[in-house]
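One structure is given here, and the rest of the page talks about it.
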Amino acid sequence: MGFASGSAAKMGFIRRFALWLLISSLADLRSGDGFYLPGSYPHEYQVGDALSVKEGIKDSAENLGELLMGDRIENSPYRFKMFTNESDVFLCGSNPLSSQDFDLLKKRIDEMYQVNVILDNLPAIRYTKKDDYVLRWTGYPVGVRAGDAYYVFNHLKFTVFVHKYEDANAARVVGSTGDAADVIQTTGKSGFGKPGWMVVGFEVVPCSFHHNAESIKNVKMYDKYPAKIQCDPITVAMKLTQNQPIVFTYEVAFVESDIKWPSRWDAYLKMEGAKVHWFSILNSLMVIAFLAGIVLVILLRTVRRDLTRYEELDKESQAQMNEELSGWKLVVGDVFRAPDHPLLLCVMVGDGVQILGMAVVTILFAALGFMSPASRGTLITGMLFFYLILGIVAGYFAVRIWKTLKCGDHSGWVGVSWRVACFFPGIAFLILTTLNFLLWGSHSTGAIPISLFIVLLLLWFCISVPLTLTGGFLGAKAPHIEYPVRTNQIPREIPPQKYPSWLLVIGAGTLPFGTLFIELFFIMSSLWMGRVYYVFGFLLVVLILLVIVCAEVSLVLTYMHICVEDWKWWWKSFFASGSVALYIFLYSVNYLVFDLKSLSGPVSATLYLGYSLFMVIAIMLATGTVGFISSFWFVHYLFSSVKLD
C-alpha cells in the first residue's frame with residue numbers, strides 16, 4: 001500500500017514521523033485518467049501475504065507522464081495482510097504540536113488537502129451522502145473545520161474487497177471475525193491447496209477519534225491500542241490543539257466480493273450524469289444544424305446561383321456585370337493575395353495540425369480502452385508520444401502552405417520547419433519553466449526535476465525537430481495548391497465597414513464554446529478537483545462536433561467578409577474559430593473564483609492561471625487551424641468557377 005503525493009506534499013521541515021505521515025502524503029487533487037487496459041494482469045495473494053508493503057520510505061517507479069503530472073507514489077506505514085482482519089491498531093504518535101506545525105495543519109485543512117491511499121494499484125474510495133445522492137471521492141481529507149475549531153482525521157477504517165482466484169479445485173471456508181486478528185482460511189479438496197485472492201476494491205472511512213496520549217507510552221507500532229475505538233464518520237473528536245500530540249490508529253476488514261478483477265475499476269468509472277453528457281452533445285448538434293442551415297441555404301444555394309448566372313454570360317457581358325456587381329465577386333483579383341505575416345500563419349497552422357492530431361489520436365485510444373487508470377500518467381505519456389510523432393505532419397502542412405503562398409517557390413522551407421518545431425514547444429517551455437520556479441520555491445513534488453527537463457529537451461531536439469524537418473522536406477517536394485484566379489498587381493481598396501471586423505471574429509468564438517462548455521466542466525473537475533474523468537467516448541464525439549462547428553463558423557464569417565469586399569480573410573478565418581480559446585480562459589477564471597474557493601495564495605492562483613494559459617494557447621492553435629483550412633477550401637472552391645483573362 002502506498003501514498004500518492006502531489007504538488008504540495010513534501011514538507012521537509014516537519015521533523016516528526018507522525019506529522020510526516022499526515023502532511024507528506026497530501027494529494028494534488030489529480031487522478032489518473034482512462035479506462036481499464038485489457039493487457040493488465042491481476043496479482044494473486046495467499047492468505048497472510050503482505051499487500052504491497054515495502055520497507056523504508058522511498059519513491060517507487062514512475063513513468064514520464066506521472067512525473068510530469070507531479071504524482072509520486074511512496075510507501076506508507078500501514079501494514080495489511082491478505083484476509084487478516086485487524087482493529088484498533090496503533091500506528092504512531094506525534095510529539096506535541098509546535099506553533100509552526102499547528103498553523104500549517106490548520107492551513108492545509110482550510111485548503112481542503114486530500115490524502116490519496118493506494119492498495120494494489122487501487123486508490124482508496126470514500127463515499128459521502130449529500131441530500132439523496134451518494135458521492136464518490138478518491139482519498140480522504142486531512143481534517144475538517146467546525147466553527148473556529150479544527151479537527152484532524154487520525155483513525156482510518158479500511159475495507160478491502162477480495163475475490164477468489166478462479167480455480168475449480170479451490171473451496172473456501174470462511175472463518176469468524178472479531179476484534180482480534182482473525183484469519184479466513186481456504187484449502188483445496190485435498191486440504192493442501194492454496195488458492196489465491198485478488199484485491200478488487202478498496203474503501204476508506206476517515207474518523208476523528210480522541211485518543212489518550214498517556215496510554216500509548218509503552219505501546220509499540222502495530223500493537224493493539226489499549227482501548228476500543230469506535231469509528232463514527234459523522235462526529236469529530238480529535239481537536240487540533242497547540243502543544244498537544246496526535247495519535248494515529250487504523251483498522252482493516254477484508255470482505256469477499258463477487259466483483260471480478262477486470263471489473264474492479266467500475267466503482268471509480270461508474271457512469272453518473274450521463275444525461276448531462278447527452279445534453280451537451282444534443283446542444284452541439286443544435287448549433288451544428290443551425291450553422292449547417294446557414295451554409296446550405298445562404299452559401300451553397302446563393303453562391304451557386306450567382307456563379308451559374310456569371311458563367312452563362314459572354315466576356316463582354318461579364319465585364320459589364322463586374323462594374324455593376326458588388327460583394328464577393330469584386331474581390332476576385334485580391335482574394336488570394338498573400339496575407340500579412342505569412343510565415344507566422346504557416347507556423348501556427350502547422351502547430352495547430354500537430355496539436356489537433358495529437359488530441360484526436362489520444363482521445364481515440366482512450367475511448368477504445370488503451371489508457372488505463374491503473375497506469376497513472378499513461379494519458380500524458382501518450383499525448384507526448386503522439387505529439388512528437390506528428391511533428392512530421394506539422395512540418396508538411398506548414399511548408400506546403402508556405403509554398404502555396406509563394407506560388408510554388410519552396411525556398412525558405414528549412415526556416416519554416418525550424419520555426420514550426422520551436423514555436424509551440426518554445427511557448428510551453430517558457431510557461432512551464434516559469435511555473436516550475438514557483439513550484440521549486442514552494443518545495444512541491446509537482447516541480448519538474450532538472451533530469452526530466454533534460455529528457456524533455458532531448459525528446460524535443462532528437463525526435464520532434466528531425467521529424468518536423470522531414471515533414472517540411474516532404475512538403476517542399478509536394479506540389480503547391482494552385483489558385484483558380486490571378487491576383488491583381490495593385491490591391492483593391494477595402495471600403496469602410498459599418499462595424500469593426502474584430503467584433504465578428506471575437507463573437508464567433510461563442511458558438512464553438514457553446515458546444516463544449518458542459519464537457520469542459522467535467523474536464524476541469526478532473527484536473528483540479530481529483531475526480532476521475534472516464535467518458536472519453538463522449539469526449540471524442542464532442543471533439544468531432546467542435547471541429548465541425550469551428551469549420552462552419554469560420555466559413556460563414558469568411559463569406560460575410562468577402563461579401564463586404566474585405567479580401568483580408570486569412571487571419572480572420574483563423575481567429576474566428578480560434579477565439580473560442582478566449583472564452584475557455586474566461587471560463588477558467590470563473591472556475592477559479594467560484595469552484596476553487598479553497599485555492600489560496602498568489603502562488604496557487606498563478607500556477608492555475610499559468611496552466612490554463614498553456615491549455616488555451618494549444619486550443620487556439622488547434623481550433624484556429626480548423627477554421628483556416630475550412631475557409632481556404634471554401635474560398636478556393638468558390639472562385640474556382642470564376643475565370644478572368
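Placement of Cβ uses the backbone N, Cα and C atoms for every residue, glycine included.
Since we're looking at a predicted model, the values are computed, not measured.
What TrEMBL says about this protein:
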type	residues	note
SIGNAL	1-32	signal peptide
TRANSMEM	278-300	transmembrane segment
TRANSMEM	343-367	transmembrane segment
TRANSMEM	379-399	transmembrane segment
TRANSMEM	420-440	transmembrane segment
TRANSMEM	446-469	transmembrane segment
TRANSMEM	502-528	transmembrane segment
TRANSMEM	534-557	transmembrane segment
TRANSMEM	569-593	transmembrane segment
TRANSMEM	613-639	transmembrane segment
Intrachain neighbours beyond the transmembrane segment (613-639), with Cβ under 8 angstroms and 6 or more residues off its ends: 299, 303, 307, 328, 332, 335-336, 345, 348-349, 351-353, 355-356, 359, 424, 427-428, 431-432, 481, 483-485, 512, 546-547, 550-555, 558-559, 562, 569-570, 573-582, 584-585, 588
Sequence-remote partners of the transmembrane segment (569-593) [C-beta within less than 8 Å, at least six residues beyond its ends]: 335, 339-341, 345, 348-349, 501, 504-506, 508-510, 512-513, 516-517, 520-521, 524, 528, 550-551, 553-554, 557-558, 561-562, 599, 605, 608-609, 612-613, 615-617, 619-621, 623-628, 630-632, 635
Dominant neighbour of the transmembrane segment (420-440) in 343-367, 502-528, 534-557, by Cβ pairs under 8 Å: 343-367
